[in-house]
Amino acid sequence: MAKAECTPKWNTLALRNRKTCPTPEKSFQTTFTPVSKDKNSQTAGLLAGGDTQSSNGPSGQFVARGSIESPSKVLLMLVAGLSFSTRLYKLTEPPHVCWDETHFGKMGSYYINRTFFFDVHPPLGKMLIGLAGYMSGYNGTFPFIKPGDKYENQNYWGMRGFCAVLGSFLPIFAYLIVLELSNSCTAAIIAATLLIFDTGCITISQYILLDPILMFFIMAAVLSMVKFNQQRYRSFTASWWFWLVLTGINLAGALGVKFVGLSTLQSTSLLGLLHSSCFPSSSIGPGDGFFSSAFQSRLIGNNLHNASMPEYLAFGSTVTIKNLRIAGGYLHSHWHLYPEGVGARQQQVTAYLHKDYNNLWVVHRQQDNNSQSGNPDLVRHGDIVRLEHKETTRNLHSHLHEAPLTKKHFQVTGYGINGTGDANDLWQMEVCGGRKGDPVKVLRSKVRFLHRATGCVLYSSGKTLPKWGWEQIEVTCSPYLKETPSSQWNIEDHINPKLPNISLSVLKPNFLEILLESHIVMFRGNSGLKPKDNEMNSKPWHWPINYQGLRFSGVNATEYRVYLLGNPVVWWINLASLGLYFTMVAVASIATQRGFSLGQQRIEHSLVLVRGGGLLMLGWLLHYAPFFTMGRILYFHHYFPAMLFSSMLTGTKLFYLFHPLSYGMTGPLAHEPGSAMAGLKWMDSWEF
């Protein structure tokens, strides 16, 4: 590899005899402050990245004035050829839905059909998948019901091909990033090779998933940032602006696919508008109920869009009651009872995130007057009401039994039948900020339901019930009466043929309100993901050691089996490299602190290790460590962005470690002070 090694033409005597790649382009120029009498002080300053003043210049810092030489075109073409060929090979196999293709292929179809849906991830990745399908002739009709469903005559190859092409750029980006950071073709080709031949990176790039799209933008952002950093002494030039803008675009792209950089979340603001404008219809799409009533009024096909209904709530009305907590759900009940040992064995009352017939309730007086004729009386602030579940005819009820999950709250149930019950079925209706006699406005009034017998308030806890509760949201009666969105509700659907209707078009929210709500709903939905029955999940400590893979398709010998697992050779080398990196940096730091002379050449390569390697180590930590704090379900594929950084760090470090052997050495032997190979003679038989 010595001939292919691209190194900068240093303006220092110590590197005068180093080989360089001939190029017509401007070479990478670097200046060092002349060696001072206090060599150890200078060494420590260089490793720390600090400025060291001298009489000959303002800084002893490692200063880059230009850009590195162009990488070998042959090597870059080789990397590109191997990367694309390994990712595009057998792209259409297997010809059926694999793992999360059932989600992201389906969501691509929703975009093609302009159908509103809810997902826990930002929209950009699914939009690009939908665009790829549309451009390749896919018509958006395949249902993507479950893994294993045959594609038959559907044009699924376009969506898979789009993801594979983006995944093919990852080794190319790794090559260019490491080349910029280390100025070494050897280090760059090591990093690229690790990714090219990693089985996990190949597998995850070949299917309709968000991961290759996400990793494309992450790596493009890192490359753009490194390129921009090379322009730091050419501020406000065209190239400076180009790489700065491209860094921002790629960061926004990564954040628009998944929430991986919360500190720059504002970069995705434009995506919220774009996502909303893609959906003039929501009639068959899932997810309307995750959003507020006002949000839903913007969606063509939703029952609230351009709807008309009575403006004020009246006794005898049939209504749906929606909690104001984001993703708080509709007040809901069904025939199922609470299980033994969970409060009273009465009918379950929950909050449900989807529109459903079991969300309907009828508003009654404390004691109905069946002889009432003409216009019904309006419900006003302070009135006592009884809410009867329309399907089961049981009343909304609470008592002093503890709630299923929130133990300091009281249980809420359905009790009685056909209007009969007891005093625990009565609730006082309050308009937040209202006064006695104020009417309850549909959609606009925030109301609370105070339980007359216990004094608690109807509350949506946001906690997901176990399987016996159909994984719906817990509804309780809270003894804590502070007004919060969890204890506030609004009347959404309102049916009463005895009252005049008004248009709801005046209630549509503005763009900023939509943007804020959509992001909050995505955040909460993401954090609430739980494993399904028999679903394989993993823990973060499993990932770097390649402990357990992920089944994409097939189980037995007669099926086409796809299993996501990293190449053990690559992953275990990366794991060793991570541990060794900290050791190497610590040894170098201790050596400078103890006064050992590293030599000028070793100082320069230490800068590459500390600065370039430090950036890659930071990238690995930022894409790995946060998963230890997450309560949601985790999978093996979550580690792959971090794995990209560990592979690049391996390339940088392995090159650095035995770099002097590539070109020959002068000066002290390995066992002598100041040797370029100090500490690297691991075996006595190594005679350097």
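Positions of Cβ are set from backbone N, Cα and C atoms, glycine also.
All annotation found in TrEMBL is predicted automatically rather than curated by experts.
Model, not experiment: these values are computed from the prediction.
As recorded in TrEMBL:
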DOMAIN    310-366  domain 'MIR'
DOMAIN    376-432  domain 'MIR'
DOMAIN    437-494  domain 'MIR'
REGION    24-60  region 'Disordered'
TRANSMEM  116-137  transmembrane segment
TRANSMEM  157-178  transmembrane segment
TRANSMEM  185-207  transmembrane segment
TRANSMEM  213-228  transmembrane segment
TRANSMEM  240-261  transmembrane segment
TRANSMEM  569-588  transmembrane segment
TRANSMEM  608-627  transmembrane segment
TRANSMEM  639-658  transmembrane segment
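Spatially, the transmembrane segment (569-588) is not adjacent to the transmembrane segment (157-178); fewer than three Cβ-Cβ distances between them are under 8 Å for residues at least 6 apart in sequence. Note: the stretches the transmembrane segment (116-137) and the transmembrane segment (240-261) are in contact (3+ CB pairs below 8 A, sequence gap of 6 or more). Across the domain 'MIR' (310-366), the prediction's mean pLDDT works out to 92. Beyond its flanks by at least six residues, the transmembrane segment (185-207) meets 1, 4-6, 21, 71-72, 75, 79, 82-83, 86-87, 90-91, 98-101, 160, 163-164, 166-168, 170-172, 174-179, 549, 552, 562-567, 570-571, 573-574, 637, 640, 643-644, 647-648, 650-652, 654-656, 662 of its own chain at Cβ-Cβ distances under 8 Å. Listed as Cβ neighbours of the transmembrane segment (157-178) (distance under 8 Å, sequence separation of 6 or more from its ends, same chain) are residues 71, 75-76, 79-80, 82-84, 87-88, 91-92, 105, 108, 128-129, 132-133, 135-138, 184, 187-196, 201-202, 204-209, 212-213, 215-216, 219-220, 222-223, 226, 612, 644, 647-648, 651-652.
The list of residues near the transmembrane segment (240-261) in space but at least 6 beyond its ends in sequence, with Cβ under 8 angstroms from a Cβ of it, reads 121-125, 210, 213-214, 216-218, 220-221, 224-225, 227-228, 230-231, 234, 267-268, 270-271, 522-523, 526, 623, 641. Under 8 Å from some Cβ of the transmembrane segment (213-228) lie the Cβ atoms of residues 124-125, 128-129, 163, 166-167, 169-170, 173-174, 176-177, 180-181, 240, 243-244, 246-247, 250-251, 253-254, 256-258, 260, 615, 619, 623, 640-641, 644, all in the same chain and six or more residues away from its ends. Note on the domain 'MIR' (437-494): DSSP counts are 6 helix, 27 strand, 25 coil.
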